[in-house]
Structure formats: structure tokens, C-alpha cells
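Enquirer: Structure incoming, see below.
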Amino acid sequence: MGSNIRAQIEAQLKQRILLIDGGMGTMIQGYKLQEQDYRGERFADWHSDLKGNNDLLVLTQPQLIKEIHHAYLEAGADILETNTFNATTIAMADYDMESLSEEINFAAAKLAREAADEWTAKNPAKPRYVAGVLGPTNRTCSISPDVNDPGYRNVSFDELVEAYSESTRALIRGGSDLILIETIFDTLNAKACAFAVESVFEELGFALPVMISGTITDASGRTLSGQTTEAFYNSLRHVRPISFGLNCALGPDELRPYVEELSRISETFVSTHPNAGLPNAFGEYDLSPEEMAEHVKEWAQSGFLNLIGGCCGTTPEHIRHMAMAVEGESPRVLPEIPVACRLSGLEPLTIAKDTLFVNVGERTNVTGSARFKRLIKEELYDEALDVAREQVENGAQIIDINMDEGMLDAEACMVRFLNLCASEPEISKVPIMVDSSKWEVIEAGLKCIQGKGIVNSISLKEGKEKFVEQAKLIRRYGAAVIVMAFDEVGQADTRERKLEICTKAYRILVDEVGFPPEDVIFDPNIFAVATGIDEHNNYAVDFIEAVADIKRDLPHAMISGGVSNVSFSFRGNNYVREAIHAVFLYHCFKNGMDMGIVNAGQLEIYDNVPEKLREAVEDVVLNRRDDATERLLEIAEEYRENAVGKQEDASALEWRTWSVEKRLEHALVKGITEFIVEDTEEARLNASKPLEVIEGPLMDGMNVVGDLFGEGKMFLPQVVKSARVMKQAVAHLEPFINASKQVGSSNGKILLATVKGDVHDIGKNIVGVVLQCNNYEIIDLGVMVPCEQILKVAKEQQVDIIGLSGLITPSLDEMVHVAKEMERLGFDLPLLIGGATTSKAHTAVKIEQNYSHPVVYVNNASRAVGVCTSLLSDELRPAFVERLQADYELVRDQHNRKKPRTKPVTLEAARANKVAIDWQSYTPPAPSQPGVHVFDDFDVATLRQYIDWTPFFLTWSLVGKYPTIFEHEEVGEEAKRLFEDANEWLDRIEQEGLLKARGMCGLFPAASVGDDIEVYTDESRTQVAKVLHNLRQQTEKPKGANYCLSDYVAPKESGKKDWIGAFAVTGGVNERELADQFKAQGDDYNAIMIQAVADRLAEAFAEYLHERVRKEIWGYAADENLSNEELIREKYQGIRPAPGYPACPEHTEKGPLWELLNVEETIGMSLTSSYAMWPGASVSGWYFSHPDSRYFAIAQIQQDQVESYAKRKGWDLLEAEKWLGPNING
């Protein structure tokens, strides 16, 4: 199946330039869809906002997506992309729609398939194809989202593989002809995607053609994760795609040099689908179809293109003009690329026939470097990184990393170190050699490197079957491989055996596995000479001659080896060892040895070895004399005074002799943290005031960083590293600055915050770093920041600009709210809007009209500096704002052409569609123990059994489900340590009473009256104690009810005697005092730990108490017998909704709960003015017993319900709108 499609498409590509379609998001945006459009009927009651979930439209608006497909096909597109850019389970998690990923991918492929087939039927001479799209996800596998923890990852390779596998299967099942891995900004994500795709192909028994398309993100010409175009290509070349290309981020002008480079280096067809130019000052794409076609025609005439299409800002008209531009132009002819081993880190490394000897740094090996082993054992990873950095600075073109030591967790150490290496551009620019005798360590390492690395090593020692299995996986991971000359019989120690084993391995790898011969690197075993054992004397000669044999008989294979092994007999005399290495390598290189694992800082030059010593060494290495060993031993003593070896190359630390100002600047530019505190302190002592250090050398260094970044000479990982150094320096100076009450100068003070309800801040952090590098003072409030805090800090700190960020769709409404509050409170600051779900359209239509001062949509970090400069310049601001407002007016005019389609229902209609319960046939259970029950100083040992540990790990940003998180390759060990620490605290809490758990519950006679619930003082039901006010879902529902909590309590008129429960529990009595003690001691870890444990105890208490209520106190489920896992999954009868959460979102309803139970007086829990509970580790809510009761979400409500709710609560409309704001439609 796959081979036929590939042959068909390749035949087409050789004849003409094929057309890919254009921007799907651009076209969807043109429809001006509203929330209800995204929801459709099926998701009308979904608990979170869905607007912006474009992939969901294949289910809710399939006719619209098909209409877009037809438009592109009519314009001339040969290849349709499925509407699945964000359809992986990982990306769909933003909407809690992971379970729909497979269905969405299938439906999207099916829609595209139907459209393509219709057009193929119209003109069989122009067949149309479907490319199943796999987007990059919203996470990065090779970049930490936390600038303070470069080793942390928020997604693993295995999680990506699982997500991409599910999407791939569905895309194929839906009818895709090709798989398109596109908009790659993190190559490791793409490698995981390719791994998943190839695994699915193997599973299905056929392969489809694969297209790969990456994204160059800035002027440096690199991906977001730091790779050059060629390095990126080398990293994914193993996939053998039908096409390799670039898309998004840049317009044709900016993208041209990278397309040209790709066309030069790629053995396969080249594709590109650029944006319609760069976004202008207002965030829109200006390049017209005609202008874009001119660029495309020039590319075609220059011989760059095999496939062309469009990305952001492009439309069917752009594709139509592109089609006309390339008509009659010859497609790019595939070039003859010389066979070579093409490796990569952030930069490419090509090893060809004419390449000089490649040095592989050996010092990052715990078995070969005592210093490195000590640093890893003591977890001094910053210093261990220095070892790697020194190797690269001293000339290592590859670094070998080995963690095999009995007292180390080799797998965890390998993962941690490789993740940290990825954050150090000076190290990660070179390819990585993952070195281990344990396959699981090798595999864990391969899952951490975005470049094309080398595995060291595999062999035939355990037989052919194991050898083939490992080789296939290495190829799928995209690595080259070192093969040891070792089989079931043993290691090859003679020239003949070396060639025999290597030949056997080569034939298996190349002929059977399909491994590229240029990616096979043989290690024919370097053994020690001059050992005093005659049988060892010819070891070096055997190796040197075997090198020539292998190069002659095994085409394109390479040769490597551990060079230091040859001199092992002279350990302790480094000078002589280096002489042996120099002589040995000289003869090996002459015979064709390609690379060697060496100490890059201690390589001697053959001609620099003293003649007398060199001759004696040569006698040993070439086995020219029977007494060669004895003669070398004698001569070696003459060099004993040099036995310490050459001193460490002083040039690496030459900068330490510079002035302190220059040292600080150098440290910032290079991202060196080792000396930053001592240098900052020296600069402080030299300055008349501490602020001068920031405004002088530190800012000078950051200005250099900003300039280099702006010029494309420095890229994002380096900038982030520089920011880390700056933070450490400023942290040291802050106490002195505060003591002297100094105020510094900057280009402006900018407040950044991820809005309430959103935890995503990668983009915000990058913007902050870039602005800091351009001398803006940044106040970063972090994530989940409420409006009131943003505005309070903005006033207190007298900031010049406020910047809001958000990734998930509910953040858009929160941004509107912030703008309204800024207007209401009389702010006059510019407001910046950014984040993945934000858009110019939303900014213009929903946000800008609510605020009288500039609101600017900033779609990337590089644009932020120009925008801020314009906004804070008296000269530039008027013209900038005038253009901005004119542009937004145009956007609004376009938006208003389409009338919003909404499907609300009246409150009367919603009430008529309440939950249908036959109350006459149902007898509500009376409680066994009515009234209020208090649990003071409750037994912590009991609560421990009910803890749900998964959220505990999330508190520490460790993603994974308990207890399987302990097996997680990246976070498992850390999770175990946290778990142990938490349980140690729980032991202390039990034994010493450090925290108190208090709780209470009550069961009260109740009846529903419309949407509200009356709670009575006693069983006579004559006096109402409290009325609980509820909201009802108010969206049209062809199927299902419009839910309200009152539906689950017997109506007053039914005469049935029903009940309701209330509860409040806390695990945090004394929590604040304990945490404050630790903070005062500088122990943030235990401060956070005690709060996290208290939070888990509160949730466990809520779970325990609900179970006890069901089984004993109310007793309606006396026979219930559920495990803790089943309790966590809510497999029981009844619900316990909490005020402030989806089923009852209005927070003031906690008030009646507090009063019914007399909570504050009884157990000390209180409510703040905004109805937040105190202590923070607290839970409260209601108990409903009806077997049909279920959780649901109240989304948007209409004005009639707002008025009804206000009247029932005794509020005026203004008060109602304040508390119901998030749920009010419009």
C-alpha cells in the first residue's frame, strides 16, 4: 500500500512542483466562530471553554472544514493537510479532551479523504493526496520550561511516542496517503514523533511516505531548540522522508537562505510552506498572493523547490497564485550527495573520507575520570558540566558520556546529565556519544538527545538476535552505532579475528537490518601494550593493520577506539602515556582510523614528542624489538618529573585575569555561573554604591547579549542561560541595594503575568528574558495570577506596561476582565497580550474595546522589544498607536460581517428541561445519624490511607500517576525521594502533632424549591434555616437535561422527606506557622513540603469523611467496599460538589455552609472577603445522595437567570454581575 503511494507521488514530484494547501487556522479565523459554534450540540455542556479548539471542528463543524478543503483543492492544491495540528492527546489536554484525540484524527483524515477523492474523480490526471498532520504539541522534550531548573522536562519521549502513535493510527485509518510531521521547533519532539510513526508502520505491516517540515524561529537561523538547518536535517535524515522542508515563523524573504541550504544538502525532495510575510507592527500578515507568488517563482527558477504551499496568513488565493507561478517550472533535481556519516548536536558534524581525525572527549566518563565520577556521585552537576565544556573547548568534536558505576543509578544520572547538557550550548553544539554496557541506559540516553548521536556500543556477544533487535532500535532512534569486535566466542585480539567479527556484523547490519553503512563505526578493540606479557606485544600492530583491512573490505564503515587503553601499563606517568597515544594515533590515522575516544585537552602532536622517547615508543607500538618494553621503561624514568602531565590548559581560564567588569560581562555572555557571586561581590566593593554594579558591568553584559540575540549571533538557549547568571548576580546584590534604598534606571518597568486559571509560561519567560536583555526591568508575577494582584502590583511598583500571557482558552476571558478592570480603575498603561490562544482578532474585538489606552497583541518574543520601545517613546508612540487603532478597526469590521450564532435558551425553557426523576417511585434515604458531627484533632494515620498522591507530585511539577510515576524514566527517582520525604513528615506529624486535622459534617432535612434548596432547622420541616441558591445550565440541548443541583433533592411539593449534607475539613492547622519557620531559616524545600502534605491531608480527610457519611452517618451505602483507587475515581453513589467549582461556581454560597455548620466557631476554619478558605489546605462542600446525581459544569448563563439569581439572593444586578461574571454570556 505505502510503496505504491510513494512511487506515485515520487513520479509526480519528478515531473512538476506539487502544491500543498495553505493556512487552515487563517481560514477558520475568517468564519468568526463563537463559543457555541465550537461546542456544537455534542459539547454544549462541556465544562471548559472550547473556542479556539480548531481541531474539534472536524466533529462539530465538519461541513466548514470540508468547505476549506474544497477551496484549496479548487485553487490547485495537490496535497491536503488534515485539520489535526493540535489533535494529539497532549495538546488536547488543554481542553480535557484527550479521550477524543483518536476520534478527531480519524474524522479529520476522513473529511480530507472525501474532499480529495471528489477532486481526483473530476480530474484523474491530477490526483489529490491527503497528508495526515502531526503537529509539534505544546511541550518541549529538549528544553526546560523552568529557567531555574534546566534539567526539568514537562514531557517525556515515551509520552510523546504514545500520543503520536494514537494519532498516527487514526490518521491512517481515516485515509491519509502521507504522514506530515510539521512545524518542528524541538527536534527531540520530532524524533519521538518519527519513532512513533515508524513503530505504527511496523505494527500495520506497511509504511506510508513521511514528510518532515521544521521551523526556523529567529534571525540566528536556528530552531527554537537551537539547531541549525543542517543539524536539524541530520537529526531526522534516518526517517528517509519523501520530503524535507521548512514552514511557519518566517516569510519567504527571511526563509529563502534556509530553503537554499536545505536544497543543497537534502538527498530527498524539498518542501516549504512559508507565512505570508512577517507579522507587521499590528500582528497581521501583509504579503499579498501576487507578492508571494513572485518569491515562489524565483525559488522555483533557482532550483530550490519540489513542493510549495502556505502557512500562517495564506489563503486559497495565495495557493492559486503560487500554482500559476510554478506552472511550467522544472522541479528541483535531487543532487548526488557524497556518502558520509552526518551527525549533529546543535551544529552539524560531517565525517567524510577527507575529514581529519575526529576527537571524542573521554573525560565525561565515570569509569575513566575520577574527578567526573566524584562530581556525579556528589550530584555536583554544574561542575560536571564544566568537565564536558572543557573537553569541547579543548577540541572534542563529540563527547562520550558514561555513567556505569556500581553505586550510581546509571539511567537516572544519564538522563539528568544529558538534560542539563542540552541547556548548555557550548556543550550541546557537538554530537553526544551515549556510552554504556547496559541497554536500558543507552535507550534512556537516546530519548534525551535531539541531535544525531552515537551509541557506544553493541556487539554480537549475546548472539545475532539481540544484536539485530538493538540495531533496529538504534536506527529508529536516529543514531549511529559503535560495534565492538566481540562475539559469542569472545573479544577479537588478533588482526584476523577483528576483521572476521567486523565483517560478520557489517553484513548483518547493512544487508539484513538496512543500517546505513556510513553510520556503522567499528571498535576493533585497543588493548594495552608493554605489559610484560609477550602475547600482548603485537596488540597495537594488530589493531593498526585491522584498521586498513576494515577500510578496504567494508565500504563506508568507520573506525573508532578507546585510545587510552593502549598506554594503560604506564598509568601514573601521563607524559609517557601521551607520547604513546601520539605515536599510536599517527599510525592508526595513516591506515584510515576515523575517530578515537581521547582526552581532548592532553593530545600530544607526533612531531613534538622528543625524538628519543618517540623512537622508544614506536618500537613498542610497532613491536620492532624484543626488548622494546624494557627500553621504554628505562627511558620513561627520565620523564618521571613530567609524570604529572601537562598543566591544565590555562587559556580556558585566561579570562579570570581580566578586570572584574570584563569578567562579569564575559560570564553573562557565556552563561558561566561558577564565579558570579564572588565577582559580583568584588565589583560591589569597588563601586560607590551596589546599584552601580547592575547599571554598569552587569547591564553592559546583558546589552551585549541583547545585541547578539537581535543580530542572530546568539540563540534562545544561550539567552536563557545568560538570564540565569544575571538573576544570581542580582540576588546577591539585592540585600545591599535594599539597605541603601537605591533606585536604578532602565528603559522601562514591565509587569508580566500568566493570567488567573493558566499555568503555562514558557512564552512569557522568553519575552521576559529578551526584554531584560534590552535593559527593561521585569516584574514577573508568575502563573495563575488574579486580576486584582496584577493591578495592585502594577500600581505599587509604578510599572510602565502590563503584559498578560495565556495558553488555554479560558485565559482569553480573563484577559478581557483585566482590561475592563483597568478601565474601571482608571489605568492609563499600555496592555500587551500574548500567548498561544491569543490572536489579533480576539484582541481587537474582545479586549481593545474595553480599554481606552493601547492594547497590543504581541505574537512573539522578538516583536516585544520593538513594541515596548514604540509605546514608551514620546516620539514614536502617537504614530504607532494611530496605526494600531486603524488596524483594529479594520479587523472589527471584518469580524462584524458575520453575525454571531448563539444557542442560548431562556431560563424558563432550561427549567422545563430539568433532570427527570420519578420522585413518587423513590424514597430518599433518611440518615442514621442526623445532625452535626465534629472530628477534632483527627487521627492522621487514618487519613494517610486515603491520600491521592498524584496531585502531590504535580505540586512539585512531576507529571505522572501514582504509583507508576516511580517507574518514570525521567522523574521516577525524584518522585521516590519526594515520596519518602513526605512520608517522613507524615511520621513526624503523627508522632509530634505538628499539624492538626479538623473537620465536621452535618445532615439536614431539605427540599428543592425551583432551582434552590431549602434547608430546615429540624425534621418538622416548618422553619427554613438556610436557602442554598443554585444555577442551571442554560444552553440548548437536543439531548440531555439542563442540570441544576436542586434537581437531585426531592421537590417540596412531592411530599418526600429528603436530606442534604454539608462538610468542611482542613489538614492545615498550624501549617502557616510551620512553613513560615522554615522560610525564616531559608529552607524553602520544607516550607513547600509541609504545605503540600497539609493539602493532601485535607483532600484525604474529605475523601475519608464522604465514605464514612455514605456508609455510616447517612448510611445509604452501608455495603460499599471500594479501594482507594476506586474512591479517587469516584465510583461511589452520590456526589460532593464544592461551592466555587463547576456545578456551583458562585463562591458566596460557602457562606450558608459555614453558618449551617457553625464552622469558624467549631473548628476554626474561616472565609476571606473573597470567600477563599483559611487555612489554605481546606475542603468544603455539599453531600447529595440520589443515585442519579452526577457532576456537571455551569457554563454561560443569560440575563434572565442573572436577574432571577440576584432577586433570590437579595442582590442588586451590579453585585450579581460581579460574582457571576465568569458565567455571564456576552
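Glycine is treated like the rest: Cβ placed from N, Cα and C.
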Enquirer: Given that Swiss-Prot annotates Cys311, Cys312 as binding Zn(2+), state which candidate in Cys248, Cys413 belongs to that site as well.
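Expert: Given Cys311, Cys312 bind Zn(2+) in Swiss-Prot, the matching entry from Cys248, Cys413 is Cys248.
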Enquirer: Look at the S-adenosyl-L-methionine binding annotation in Swiss-Prot, where Asp948, Tyr1191, Phe1192 are given, and name the residue from Arg892, Arg988, Arg998, Arg1136 listed for that site too.
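Expert: That S-adenosyl-L-methionine site, as Swiss-Prot gives it, pairs Asp948, Tyr1191, Phe1192 with Arg1136.
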Enquirer: Rank the binding-site residues Cys312, Glu695, Asp948 by the number of other Cβ atoms within 10 Å of each Cβ and report the first-ranked residue.
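Expert: Counting every other Cβ within 10 Å of each candidate, the maximum falls on Cys312.
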Enquirer: Given Arg1136 (S-adenosyl-L-methionine binding site) and Cys248 (Zn(2+) binding site), what distance in Å do their CA atoms have, once rounded to a whole number?
Expert: 47
Enquirer: For Tyr1191 (S-adenosyl-L-methionine binding site), which residues in the same chain are close in space, meaning a Cβ under 8 Å from its Cβ, but six or more apart along the sequence?
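Expert: Glu1130, Ile1135, Pro1137, Pro1142, Ala1143 - these are the non-local Cβ neighbours of Tyr1191 (S-adenosyl-L-methionine binding site), listed in sequence order.
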Enquirer: I want the residues beyond Cys248, Cys311, Cys312 whose C-beta is within 8 angstroms of the mean position of the Zn(2+) site's C-beta atoms, in chain order.
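Expert: Everything else in range on the chain: Gly23, Thr183, Asn247, Ala249, His273, Pro274, Asn275, Gly310, Gly313, Thr314.
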Enquirer: Taking Cα atoms as reference points, which of the binding-site residues Cys248, Cys311, Cys312, Asp948, Phe1192 is nearest to Glu695 (methylcob(III)alamin binding site)?
Expert: Cys248
Enquirer: C-alpha of Cys248 (Zn(2+) binding site) to C-alpha of Ser805 (methylcob(III)alamin binding site): distance in Å?
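Expert: For Cys248 (Zn(2+) binding site) versus Ser805 (methylcob(III)alamin binding site), the Cα atoms are 21 Å apart.
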Enquirer: Looking only at DSSP and grouping its letters into three states, which state does Arg1136 (S-adenosyl-L-methionine binding site) belong to?
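Expert: The three-state answer is coil.
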Enquirer: Can you figure out which of Cys311, Cys312, Asp948, Phe1192 (the binding-site residues) comes closest in space to Ser805 (methylcob(III)alamin binding site), comparing Cα atoms?
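Expert: Comparing Cα positions, the closest of these binding-site residues turns out to be Cys312.
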Enquirer: Across all chains shown, how many C-beta atoms besides its own are within 10 angstroms of the C-beta of Cys311 (Zn(2+) binding site)?
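Expert: Its Cβ has 29 other Cβ atoms within 10 Å.
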Enquirer: Measure between the Cα atoms of every pair in Asp948, Arg1136, Tyr1191, Phe1192, the residues the record assigns to S-adenosyl-L-methionine, and report the largest value in Å, rounded to a whole number.
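Expert: Answer in Å: the longest Cα-Cα distance is 22.
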